[in-house]
Amino acid sequence: MLNNQDFIHTLNPQQQKAVLHTKGPLLLLAGAGTGKTKVLTSRIANIVHQNLASPQNILAVTFTNKAAKEMAERVNSLINCYGLNIGTFHSMAARILRDQIEHLNLGLNNRFTIISHDDQLKLVKDIVKLKDIDTKKYAPKLIHIIISRWKDQGLLPSKLSASDTNLPLQRVAKLVYEEYQKNLLISNVLDFGDLLLYNNELFIKNPEILRYYQEKYRYILIDEYQDTNVVQYLWARMLASLYKNICCVGDDDQSIYGWRGAEVGNILRFEKDFAGATIIKLEQNYRSTLPILAAASNVINNNKNRHGKTLWTDRESGEKIKIISCWSDKEEARYIAGEIDKLVREDRYNAGNIAILVRAGFQTRSFEEAFINSAMPYKIIGGLRFYERMEIRDVLAYIRISLNQNDNLALERIINVPKRAIGAASLNKIRVYALERNISNFAAIKEMLEMGEIKAKPYETLKDLVTKIDNWHERFSIDAPINVVKAILDDSGYLEMLQEEKTEEAFGRIENINEMLRAIAEFNDIHDFIEHSSLVMENEVLETNYGGSVTIMTLHAAKGLEFDVVFLPGWEEGVFPSQRSLDEEGEKGLEEERRIAYVGITRAKKDLYITHAESRKIFYEIVRSYPSRFITEIPDEITIRTSSMKKYNSFYKF
C-alpha cells in the first residue's frame with residue numbers, strides 16, 4: 001500500500017496537477033494513452049487521504065462494468081478505501097430509483113425489473129400490431145430507435161414539442177411511445193432509457209431528494225465524458241450543482257458515438273456549464289511511438305470543433321507509418337495476411353498482439369478468406385454476447401415472470417416455450433382482456449380461467465403454467481435461487497426440450513445454461529442476479545483471449561484497446577470517411593469520421609499500416625476507389641508509401 005507521497009510521485013507534472021486539484025469543477029482532457037485511469041484513481045485516493053470526503057461521499061461513474069471494477073481495484077491498491085460509489089450510469093440510476101421510486105407516483109414499486117433491448121423491440125412490435133400500423137411504412141425497429149433517442153434527450157411523451165414530431169414517422173412514434181410507457185408501468189418494468197430519464201424527473205419534482213444526493217455525493221468523477229448523451233449530462237449536472245466538485249475526464253478527439261446519442265458538445269461547453277472551471281490537458285503519451293503520434297495529431301488537427309492538444313512522447317525512435325496501395329480489396333487482404341505471416345514467422349510480433357481495424361462490417365469477409373487460405377489463426381470480435389443468447393434469455397424470462405407476475409414481456413416470451421398449444425387467437429384474446437381492464441396478462445389469464453373464458457386444450461396448459469409460476473414465485477422467497485432455477489428448468493420442460501433435440505446446437509445451449517447456473521449460484525438474492533444480468537447486457541464489452549490469434553474488429557469496438565501492430569484497411573473515399581456520414585451529417589459527419597481515424601491510429605503501440613485499394617467490390621459491384629483524404633493529412637516525412645503491386649511490375653515490362 002502506497003502512502004500519499006508515493007502515488008503522487010509516480011505521476012508526471014500534469015497528472016499531479018489534476019490529482020491535487022480538489023476544489024471546484026475540473027475538465028481533464030486526456031489524450032489517448034496518457035494514463036487517465038491512473039489519474040482518476042489517484043485523485044480518488046488523494047481526496048480520501050486528505051480527509052476531504054469519506055469514500056461514501058464520492059461518486060465515480062463509468063460506461064462499463066469492466067471499467068468500474070478496474071477503477072475500484074486500482075483505488076484499493078493505493079489506499080484502503082471501502083464504501084466508494086463506483087458504477088455505470090445505469091447501475092447508479094437504478095440504485096437511486098430502487099430507493100426513491102414511490103416519490104414518482106407512477107405506480108411502480110422497487111421490485112421493478114429492467115427489460116432487454118429485444119424485449120423492448122418486441123413490445124414496440126406488439127403495439128404496432130395492436131394499433132394496426134403499416135409496418136412497411138413505419139418499421140418497428142425505426143420507431144424503437146426514435147423512442148430510445150427521445151429518452152436519451154430526456155423527453156417523455158408529454159414533453160415532445162411540435163418540432164420533435166414534424167414527420168409522419170415521428171408522429172406515429174409518439175403514439176407508440178405513449179402506449180409503450182403505459183405497458184411498462186403496468187408490468188412494473190423499465191427499460192435502460194427510463195433509468196436516467198426518471199432519475200431526472202425525480203430530482204426535478206423533488207428538490208429535497210436531489211439535495212439529499214447532492215450532500216451524499218460531494219465529489220463526482222465521470223469517465224469518458226465525451227460519450228455522454230443529454231440525459232446523462234443533465235443527471236450529472238444536477239448532482240454537481242451544489243458543491244460543484246465535479247471532475248469530468250474525456251477526450252473530445254475520441255468522441256465517436258454520435259450515432260447512438262453521444263453529444264460531443266457536452267465536453268466542448270464544460271466551461272460554460274461550470275463557471276470558473278479548471279482545464280488540464282494530459283498530452284504525454286505512454287503507448288505509441290513518435291511517428292504514430294505525429295500521424296494522429298496531424299489528422300485530428302484538421303477538425304475545427306475541438307479543444308486543442310498535441311500528444312507527445314519521450315520515445316524518439318519508432319517505425320515510420322506504412323501506407324500501401326493495393327489494386328483491389330482482395331489483394332489488400334492477401335497483402336495484409338502475408339505481411340502478418342511474415343511478422344509472426346520472423347518472431348517480430350505474436351499474432352495475439354496484431355489487430356486489423358475496419359470501418360465497416362462488409363470489409364471483414366475478404367480477411368476471413370485470406371486467413372483461412374494462409375492458415376493464420378484469427379478472431380472476429382462480434383456475435384452474440386452471453387446474456388443475449390436465446391436460451392439464456394428464455395431462462396431469464398422464466399425467472400422474471402416468477403418474480404414479477406406483472407411482467408407481460410417475460411410471460412409472452414415463455415408462454416409457448418416449450419410448445420403448449422396456445423395459439424395466436426388465444427394470446428390475442430388474453431391481451432385484449434388485460435388491456436380493457438388495465439391489468440397484466442398473467443392476472444388476465446387467472447381471471448379468464450376462473451370465469452371459464454378459456455376452453456379446451458389451452459385451458460389445461462395455461463392452468464398448469466399458472467400453478468407452476470405461483471409455486472416458483474413462492475419458492476423464491478424461501479429457497480436458494482439456484483435451487484428454484486433448477487426446478488424451473490425441470491418443471492417447465494425447458495431442459496427436456498433441449499435434451500430431446502440431440503443436436504450440437506442443443507448441447508451447446510445446455511452448456512450455456514449450466515454456465516448460467518454457475519453464475520446464479522454466486523447470488524443469495526435472485527433480484528440481484530436479474531439486475532446484474534440486465535446491466536451486463538447493456539454495458540458488457542466482449543472479453544476475448546487474444547492468445548495467438550489476430551484480432552479483426554471495427555474501429556468503434558477497438559476504442560480503449562491497444563495492440564503492438566495495427567492494420568487499418570479500406571482508407572478510401574466513400575469507405576472511410578463513410579459516404580453515408582458525409583451525406584447525412586455534412587461537416588459534422590466528417591469531423592466524427594476523422595475522430596474515428598484518430599482512434600484507429602492511436603490503437604497502435606509500435607507499428608502502423610494503412611492500406612487502400614484501387615478498386616473495391618461493394619454490394620456485388622466493382623467500384624473505382626481513391627485514397628482517403630485522411631491519408632493526405634499524414635506528413636510524407638513520417639511515412640513509407642509503397643504499392644503491393646510492385647512485385648508484379650517486372651512481369652509486364654516489354
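Note: Cβ is positioned from N, Cα and C throughout, glycine not excepted.
Swiss-Prot annotations:
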| type | residues | note |
| --- | --- | --- |
| BINDING | Gly33, Thr34, Gly35, Lys36, Thr37, Lys38, Arg287 | ATP binding site |
| DOMAIN | 9-289 | domain 'UvrD-like helicase ATP-binding' |
| DOMAIN | 290-560 | domain 'UvrD-like helicase C-terminal' |
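For the recorded ATP site, residues Gly33, Thr34, Gly35, Lys36, Thr37, Lys38, Arg287 set the reference point as the centre of their Cβ atoms, and the other residues of that chain within 8 Å of it by Cβ are Ala30, Val39, Leu282, Tyr286. According to DSSP, Gly33 (ATP binding site) sits in a coil region rather than a helix or strand. The binding residues for ATP are recorded as Gly33, Thr34, Gly35, Lys36, Thr37, Lys38, Arg287; their greatest pairwise CA distance is 14 Å. Taken residue by residue with DSSP, Arg287 (ATP binding site) is part of neither helix nor strand, so it is coil. Remark: Gly33 (ATP binding site) has Asn285, Tyr286, Arg287, Ser288, Leu311, Glu562, Thr602 as non-local neighbours, by Cβ distance under 8 Å and separation of at least 6 in sequence. Between the binding-site residues Thr34, Thr37, Thr34 has the most other Cβ atoms inside 10 Å of its own Cβ, all protein chains included.
Under a cutoff of 8 A between CB atoms, and with a sequence separation of 6+ in the same chain, the neighbours of Gly35 (ATP binding site) are Leu11, Asn12, Gln15, Leu282, Tyr286.
Lys38 (ATP binding site) falls within a helical segment according to DSSP.
Cβ environment of Lys36 (ATP binding site): Leu28, Ala30, Asp223, Val249, Leu282 lie under 8 Å away, each six or more residues apart in the same chain.
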